[in-house]
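Student: What follows is a structure written as structure tokens; I'll ask about it next.
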Amino acid sequence: MTNHSVILCILDGWGNNKNSQFNAIAQADTPYWDSIISQYPQSNIVTHGPDVGLPDRQIGNSEVGHISLGSGRIVLQDLCRINEEIKNIRKNTHLLEFTEQIKRNNGICHIAGLLSDGGIHSSLSHMLDIIDALSYLKIQVVIHIFLDGRDTPPISALKYINILCSHIKDLSNVSIATISGRYYSMDRDNRLDRTTKAYNSIAFGHGKRYEDPISAVQDNYNAGITDEFIIPCVIGNYQGMNPTDGFIMTNFRSDRVIQILKMITEDQNTNHITLKNTIGMIKYSNELNIPCLFPNKKISNTLGEIISNQQLHQLRIAETEKYAHVTFFFNGGREEVFENEERIIIPSPSVTTYDLVPEMSAYEITDTLIKKINLQKYSLIIINYANADMVGHTGNIEATKKAITTLDQCLGKILKCIHNTNYILVITADHGNAEEMFDVQNNMPYTAHTLNPVPFVVCNYPKKIKLKNGRLSDVAPTILEILNIKQPEEMTGISLIDTSN
């Protein structure tokens, strides 16, 4: 081992794009970033498709990105894995056990999930396959639709609803029960007032009532409300859940289903309805004691585990929105803290959308980081700045430019702090977002992630080096080389430090 320590700074949603038009990063005031890329070695990293275990041209996301960063290998992601395993869904033993209990109780099955082809949290085809399997098994099904508008265009819900309606039109035992924008049904920041509105529509049939889903969406559009923010509402004569019913969550990403599933499965008060027969696509969390249709495979010898096995200290810092990413996902789906691993969560601002506070909690993260650097205790510090992604998702380019300038100032403070220390600053991102903010073809804001590469920069390294282009799974091996720690055989990524010269 060397005396070096590493700070891995993940600029969530910061991509590279040579086109400066509608590019919040290129248009923002970034003197420190400009200085960084002019004097330190850099390369490009791919964050999408097969390079991160996703289908070809499938946009990456924060979960996939952090799994790839932390594991140091290409992990076949849940989207691809489930695409294969769901072909035999009618014979899935977990589904058959679930449906047998529904039949014994004379209940019905509630299916809930994000109706989207964004591929980030869910797959529309997965929901349709499960509906078909339940219909085949003679189970009555009601569907609770979560609308996207974030990983898809802001006004695109009717496209997916029409696909769903066309698919179920000849299935007499299947109907649509409720609709909710993901702002309510998929909150992950403990804003339980939002989650409660979605829960009340599902559990009790509370909310404005519409004859059909098309009318519900169109009414919200007429009021200026886009997909993500559509207020939970009820379709037809749906009256709510019964304790004898079953519940399937079709999202395969965990962070945005935990709150709503906790409300559905755990007793909250005497007026609360819970469904004990609940199942998910994967194991979402140790917080949720529910089975899954497609069990996850364990990822061993991640970067965090290796650092711990070396008896070295490591630290993770992020604000609420990205805390799970630098901990749970970075550790390969492990919730337990490694030995000598410390975690600090900085609360995210309590606002409706982050364009209202584009600084988010970046300054607080930076101040905390600097205090920890000065302790000279940690061999590895991992931080995530959420601004470029979370503000970028709003589609507000002016606010996103402010977010980028905030990050630039934070980078300047970090560089000043590590000057004349043994800390090496490694800067990268999990995917792009802020560098491409308008869809010219459809003449609307572009709020999703991008296919652009992200930067990889190594600052404060004691000798001159060159960096190769690569993929996210190459970052952990690079850090191990800097720390002079042997790369385990499970890590199939390669160090990006170019030793050809």
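Each Cβ is built from the backbone N, Cα and C atoms, and glycine gets one as well.
Copied straight from Swiss-Prot:
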type: BINDING; residues: ASP12, SER62, ASP430, HIS431; note: Mn(2+) 2 binding site
type: ACT_SITE; residues: SER62; note: active site, phosphoserine intermediate
type: BINDING; residues: HIS121, ARG150, ASP151, ARG182, ARG188, ARG253, SER254, ASP255, ARG256, LYS322; note: substrate binding site
type: BINDING; residues: ASP389, HIS393, HIS449; note: Mn(2+) 1 binding site
Student: If you compare CA-to-CA distances from HIS431 (Mn(2+) 2 binding site) to each of the binding-site residues ARG188, SER254, ARG256, ASP389, HIS393, which comes out shortest?
Tutor: ASP389
Student: Can you give me the Cα-Cα distance between HIS121 (substrate binding site) and SER62 (Mn(2+) 2 binding site) in Å, rounded to a whole number?
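Tutor: That comes out at 11 Å between the alpha carbons.
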Student: Count the other Cβ atoms sitting within 10 Å of the Cβ of ARG188 (substrate binding site), across every protein chain shown.
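Tutor: Within a 10 Å radius of the Cβ of ARG188 (substrate binding site) lie 19 other Cβ atoms.
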Student: Residues near the Mn(2+) 1 site, ASP389, HIS393, HIS449 excluded, by Cβ within 8 Å of the Cβ center?
Tutor: ASP12, GLY13, SER62, ARG150, ALA388, MET390, GLY392, HIS431, ASN433, ALA434, THR447, ALA448
Student: Which one of these binding-site residues has the most other Cβ atoms within 10 Å of its own Cβ: ASP151, ASP389, ASP430?
Tutor: ASP430
Student: Taking Cα-Cα distance, which of the binding-site residues ARG188, ARG256, ASP389 are within 10 Å of SER62 (Mn(2+) 2 binding site)?
Tutor: ASP389
Student: Can you tell me whether DSSP puts SER62 (Mn(2+) 2 binding site) in helix, strand or coil?
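Tutor: DSSP call for SER62 (Mn(2+) 2 binding site): helix.
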Student: Using the alpha carbons only, what distance in Å do you get between SER254 (substrate binding site) and ASP430 (Mn(2+) 2 binding site) once rounded?
Tutor: 17
Student: Round to the nearest Å and give the CA-to-CA distance linking ASP151 (substrate binding site) with ASP389 (Mn(2+) 1 binding site).
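Tutor: ASP151 (substrate binding site) to ASP389 (Mn(2+) 1 binding site), Cα-Cα distance: 12 Å.
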Student: Measuring CA to CA, name the entry from the binding-site residues ASP12, ARG256, ASP430 that ends up nearest ASP389 (Mn(2+) 1 binding site).
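Tutor: Going through ASP12, ARG256, ASP430 one by one, the Cα closest to that of ASP389 (Mn(2+) 1 binding site) is ASP12.
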Student: Same-chain residues six or more away whose CB lies under 8 A from the CB of ASP12 (Mn(2+) 2 binding site)?
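Tutor: Result: SER62, LYS322, HIS325, ASN384, TYR385, ALA386, ASN387, ALA388, ASP389, MET390, ALA429, ASP430, HIS431, ASN433.
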Student: Quick check for the class: what is the C-alpha distance, in angstrom and rounded, between ARG188 (substrate binding site) and HIS449 (Mn(2+) 1 binding site)?
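Tutor: Between the alpha carbons of ARG188 (substrate binding site) and HIS449 (Mn(2+) 1 binding site) there are 19 Å.
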Student: What other residues of this chain sit with their CB within 8 A of the center of the CB atoms of ASP12, SER62, ASP430, HIS431, the recorded Mn(2+) 2 site?
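Tutor: So the additional residues around the site are ILE10, GLY13, THR47, GLY60, ASN61, GLY65, HIS66, HIS325, ASP389, ALA429, ASN433, HIS449.
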Student: Just the number: how many Å between the Cα atoms of HIS449 (Mn(2+) 1 binding site) and ARG256 (substrate binding site)?
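Tutor: Between the alpha carbons of HIS449 (Mn(2+) 1 binding site) and ARG256 (substrate binding site) there are 17 Å.
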Student: If you measure every Cα to Cα distance among HIS121, ARG150, ASP151, ARG182, ARG188, ARG253, SER254, ASP255, ARG256, LYS322, the residues said to bind substrate, what is the biggest one in Å?
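Tutor: Largest pairwise Cα separation, rounded: 17 Å.
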